Amino acid sequence: MAVIDLNQPYLHQLEGKSLSIFVVSVVGCIVSTIVVALRTWARVSSNAFGLDDGLMVGGLMIYIADVGFACEGARSGLGSPDADLSPKMKQNSLMWLLIWMLTYICCLAIVKSSICVTMLRIANTMKWFRIAVITLLATTWLTWATTFIGVLLLCQPVAGNWDASLVLSGKAKCATMDAMIALSYTSTASTILTDMACAVLPAFLLKNMQMPLKAKVMVGVLLSFASLASISTMVRTPYISHYRNPTDNLPFHVGNIVLWSNVETAIGLLAGSLPSLRFLVVRKMRSSRNGNSTGPSYGQKSRDRNLVTIGGGGPSSYGGSKRVNSSFKNPTDTGVTVSNVYAHGDGDWERLSDASSQTKLKNVASEEIAHGGIRADFSVQVELSDWPEQKRG
C-alpha cells in the first residue's frame, strides 16, 4: 500500500470505482455531445430549430460541466475507500460531490423540460395530453426547487458540508443527515416518476397517429429508450442510506450515486435527441435515392420547391415559381389543408350574391360551431422535393 501524504489532493492512480466514474462519465459525455450536435445540425439545416432544441443544447452544456466536476471528484477520491484517501482528499471529494449534485439537478430539469416541450409541440390539439405534460413539467421544476434550495440550506455556510472543522469550531451549523436523506429520497422518487412519464406518454400519441406500423415501432423503440433512465435511478437508490454514516467510507459509497446519475443524464440526452435523428436518416436516404435516379430531369438542381403530398398533384398550373410557406418546418407541425370542390354543371350550385344570403350563411356556420360542429384532426405525412425544370409551369 502506497504511503499517503496528509496534504495529498489527488489519487496517484485511478482504479476501481473512481476509474469507473471517470471513464463512464467521459464516454457518456462524448456520445451525448455527438448525438445532440447531430440533432442540432438537422434542426438548423431544416430551419426548424425551436425551444426544445435550445433546451437540449443548454442541458448538454451543463452536462459537460457536470461530467467535469464528477471527474475532478473521482481524482479527489470519490469512489475510493477512506483508507486510500488523505484528509485533504476526503474534504475535496465531498466539496466536488456537492458542486456536482447542484449541477446535476439543473441539468436533469432542463433535459426533461426539452422532452416536455417537444411533446407539447407535437400534441397541441390534445387537451388532456397537454394537461398531463404541463403537470409533468411543473413536477420537474418543483422537484428542482425543493432539492436545489434544500441542499444549499443543509449547512450555513455552505462550506460546512465538506469542512468538518467549521462545524466542530462552531463556525458552521448543519442540519442532521436525515434531512439530506429525505431530500435524496424525495428527489429520487420524483425522478423515477417523471422518467417513466416521459417514456409512457408518447405511447398515447403513437396509438392514434396515422403512420406506417414499421415507423410506429421504430419511433416507439426510440421513445421507450427513456425508460432506461429510471432504471439507472433505481440502481443508485440503495446507496442513499450511507449518508447516515458519513465516517464509514462515504466517498466510496456515494460514488455509485455519481456514476449512475451521470448514466441517467446521458440516457436522457440521447432519448430526447434520437427521434430527431430518425428524420435526418430518412431525409438522407431519400436524397440518396433521388441522386441515383436515372431520369434526366432529376439531375438538375432548382431553387424552386413545391409541397408534394401523398396523392397530390404537381405545381401550380398558373406558371411562375411558388414559394413554400416557411412556417411549415417540422414533421410534427400542424397546418390547414384546403380542398377544391367541383360540380358537373351550373345546376349543382346555388349562387349567394346578396348581403342577406351571405349573412345567413355566416349565422348557420356560427351555430354549427357553437353546437360542436364537425371537426377532424389528421396526421398528414408530407415531403418537400425539387420539381423538375421541364415540368415547371
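Glycine residues also receive a Cβ, built from the backbone N, Cα and C atoms like all the rest.
Curation does not apply to TrEMBL; its annotations are automatic.
Residues 14, 49, 53, 56-57, 60, 63-64, 67, 70-71, 73-75, 78-79, 255, 258-259, 262-263, 265-266, 269-270, 273-274, 276-277, 279-280, 283 of the same chain lie 6+ residues outside the transmembrane segment (20-42) yet bring a C-beta within less than 8 angstroms of a C-beta in it. Feature annotation from TrEMBL assigns transmembrane segment to 20-42 (among others).
According to TrEMBL, the domain 'Rhodopsin' annotation covers 38-282.
Summarising the annotation, TrEMBL assigns transmembrane segment to 54-75 (among others).
Counting same-chain residues at least six beyond the ends of the transmembrane segment (95-120), those with a Cβ under 8 angstroms from any Cβ of the stretch are 50-53, 55-56, 58-59, 62-63, 65-66, 69-70, 72-73, 76, 78, 129-130, 133-134, 136-137, 140-141, 143-144, 147-148, 151-152, 158, 161-162, 187, 191, 194, 198, 201-202, 205, 226, 251, 254, 258, 261-262, 264-265, 268-269, 271-272. The annotation transmembrane segment is assigned in TrEMBL to 95-120 (among others).
For the transmembrane segment (132-159), the residues of the chain that approach it from at least six positions outside its boundaries are 98, 101-102, 105-106, 108-109, 112-113, 116, 119-120, 123, 166-167, 172-175, 179-180, 183, 186-187, 190-191, 193-194, 197-198, 201, judged by C-beta separation under 8 angstroms. For 132-159 (among others), the entry in TrEMBL reads transmembrane segment.
The annotation transmembrane segment is assigned in TrEMBL to 179-205 (among others).
Residues annotated as transmembrane segment in TrEMBL: 217-237 (among others).
Sequence annotations record features per position, and here TrEMBL assigns transmembrane segment to 257-281 (among others). Below 8 angstroms of C-beta separation, residues 17, 20-21, 24-25, 28-29, 31-32, 35-36, 38-39, 42-43, 53, 56, 59-60, 63, 66-67, 70, 73-74, 78-79, 97, 100, 104, 107-108, 111-112, 114-115, 118, 191, 195, 198-199, 218-219, 222-223, 225-226, 228-229, 232-233, 235-236, 239-240, 331 of the same chain, each at least six residues beyond the ends of the transmembrane segment (257-281), sit close to that stretch.
Look at TrEMBL and you will find 288-336 tagged as region 'Disordered'.
Feature annotation from TrEMBL assigns compositional bias 'Polar residues' to 288-300 (among others).
The compositional bias 'Polar residues' annotation in TrEMBL covers 323-336 (among others).
Residues belonging to the domain 'Rhodopsin' (38-282) score a mean pLDDT of 90 in the model.
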